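Asker: Quick one: the structure is below, and I'll ask about it shortly.
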Amino acid sequence: MARTTPIARYRNIGISAHIDAGKTTTTERILFYTGVNHKIGEVHDGAATMDWMEQEQERGITITSAATTAFWSGMAKQYEPHRINIIDTPGHVDFTIEVERSMRVLDGAVMVYCAVGGVQPQSETVWRQANKYKVPRIAFVNKMDRVGANFLKVVNQIKTRLGANPVPLQLAIGAEEHFTGVVDLVKMKAINWNDADQGVTFEYEDIPADMVELANEWHQNLIESAAEASEELMEKYLGGEELTEAEIKGALRQRVLNNEIILVTCGSAFKNKGVQAMLDAVIDYLPSPVDVPAINGILDDGKDTPAERHASDDEPFSALAFKIATDPFVGNLTFFRVYSGVVNSGDTVLNSVKAARERFGRIVQMHANKREEIKEVRAGDIAAAIGLKDVTTGDTLCDPDAPIILERMEFPEPVISIAVEPKTKADQEKMGLALGRLAKEDPSFRVWTDEESNQTIIAGMGELHLDIIVDRMKREFNVEANVGKPQVAYRETIRQKVTDVEGKHAKQSGGRGQYGHVVIDMYPLEPGSNPKGYEFINDIKGGVIPGEYIPAVDKGIQEQLKAGPLAGYPVVDMGIRLHFGSYHDVDSSELAFKLAASIAFKEGFKKAKPVLLEPIMKVEVETPEENTGDVIGDLSRRRGMLKGQESEVTGVKIHAEVPLSEMFGYATQLRSLTKGRASYTMEFLKYDEAPSNVAQAVIEARGK
């Protein structure tokens, strides 16, 4: 089969936003205008197409990143058809991992902001992730019809809170119930959409007289931003020459692709205004797969030789599995992005991360939860494979004759855990299967068995994250489970360097003995300086310990790091320098050196000022003004550090840093303090030393 859409006419985009910015409604409108949906699904009646898991429809929030394909030829049918693959990303902070995962496979993103709420805390998190993956983006300021809507205020927040360089592409005509359309600052025309056909048709009109001055000012700003793309354009602009529409658009596109500016559009998805022009901006300004740098990876040659793959059908096949989902009808769905080459149904490919072959059976393209079966997928496209056996999120799928491992994704460590127990014997077996499958889908979710209590422990990024896991076990796998109290994921570390700590394991009574002897230094590492949180330096001189025993010393210490001497929590941010020791020709063994290392570790840890670290959360509360004092007082009682507050249209926004252990049940307390009028968001910020009384209580509770 030949390619139906040239790769330059592809757009792989994410739509990202804070939880209530109206992202799902925006996506629905995109599907409506691109002709996919004939009836618009509204989130508030639980019918939105993209939100296809039952919990999402009940809670009105988006959990799973669904990928959908749509076609767009422009508001005035001014383009050849472009293929837009939309990855819907969740806006709730517990699902940040989903956003991170989507960012990895996108080429561009649309950031949706609420015209009233502006740049919210989750918007900042998503922004940082988009920066990390260098994703070019445009912004859509939604909900211009709401009370308190202010387009230019949000533009200013994009600048001050995100440190970005926003350039309005449009201005809003009116606001709140008087919002009627937008001014196109490139064409210098007003756009009015037709209410009778839900905004499918529109008219260009003259700019309202009372807006001409403002429009001229922002048009000038837009032209200046375009002129900065090249010296040639700047000379033309400074010489007083007019830039053509094609020059303006080309220059703005170049600057968006270089991540130098953020073009800002506006509208009200709910009122069918603005989404159409935002789609035009996606085509005009966001990259196709050939506009972004080639993907990096390493060759599977034992030497980790760097390599890259370009977005071309002629290169060997390479793809990244970015999401595993369980579909009630077909089982496992593996969403993958093809970076190079072509794959056909029936092909055998290599999972280079696991060194295992997989056969592509059926391939489908998703429209939210409907699916269309296809025979091939080409470079730049996104699809889902049914029934791959052993693929995990982040694995590379590639041509067995040209193996490559694409850059892996990094997933954060969970900060909260709970014990789950099946209610009946029948639930026991099903629970293992269910949790295994859910862990495969979501790398930020972990499952293990506690060795002491023999309980099954599940861990994730927040209370809501784990609630939904338990809920899915019940709905999708019919597993009834009792859930324990949430537990905080503490860590242990040291604050002081200790030198010449000795560890000796010697057993030499008759027969073959055991002998290992090590001398180490232990020292604290700067938090975050080493991704593993641990380093091991071998400084043995003159063979006092033979080379073959060195890995055993490292291993002995690493085993101790899993459960620290203080309270049995993982040890982080410490380094070990092995610099002396001794061995015995006959009696030394790997086991003896492993045991000697663990003895030295325990001995040194006690002397190195051990401390307990607790997770600190970044908390933002929005509350009516009259409740500010109560909310701040309550956060202080929870050992919260107040970081500032600001006035909003809807009340006061309070910024604080609070230990996770103090935040359980906060939603209920906040509701009663403010009669349900306040809301909050919380995300993991850092680990910090727990005060001694808190540490003492935790250590005693662990029975250490």
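Quick reminder: no glycine exception, Cβ is built from N, Cα and C everywhere.
Pulled these features from Swiss-Prot for this protein:
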BINDING   17-24, 88-92, 142-145  GTP binding site
DOMAIN    8-290  domain 'tr-type G'
MOD_RES   Lys504  N6-acetyllysine
MOD_RES   Lys643  N6-acetyllysine
Asker: Among all chains shown, work out which of the modified residues Lys504, Lys643 has the most CB atoms within 10 A of its CB.
Answerer: Lys504
Asker: Average the pLDDT scores across the domain 'tr-type G' (8-290) and report the rounded value.
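Answerer: Average per-residue pLDDT within the domain 'tr-type G' (8-290): 86.
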Asker: Could you state the whole-number distance in Å separating the C-alpha atoms of Lys23 (GTP binding site) and Lys643 (N6-acetyllysine)?
Answerer: 29
Asker: Where the distance is taken from Cα to Cα, which of the binding-site residues Ala17, Asp20, Thr89, Met144 turns out closest to Lys504 (N6-acetyllysine)?
Answerer: Thr89
Asker: Taking DSSP as the reference, which of helix, strand or coil describes Asp20 (GTP binding site)?
Answerer: coil
Asker: Measuring Cα to Cα, how many angstrom lie between Asp20 (GTP binding site) and Lys643 (N6-acetyllysine)?
Answerer: 24
Asker: CB neighbours of Thr89 (GTP binding site) within 10 A?
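Answerer: Other Cβ atoms found within 10 Å: 27.
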Asker: In terms of DSSP three-state secondary structure, what is the assignment for Lys504 (N6-acetyllysine)?
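Answerer: Reduced to three states, the DSSP call for Lys504 (N6-acetyllysine) is strand.
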Asker: How many Å separate the Cα atoms of Met144 (GTP binding site) and Lys643 (N6-acetyllysine)?
Answerer: 30
Asker: Reduce the DSSP letter at Thr89 (GTP binding site) to three states and note it down.
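Answerer: The residue in question, Thr89 (GTP binding site), is coil (DSSP, three-state).
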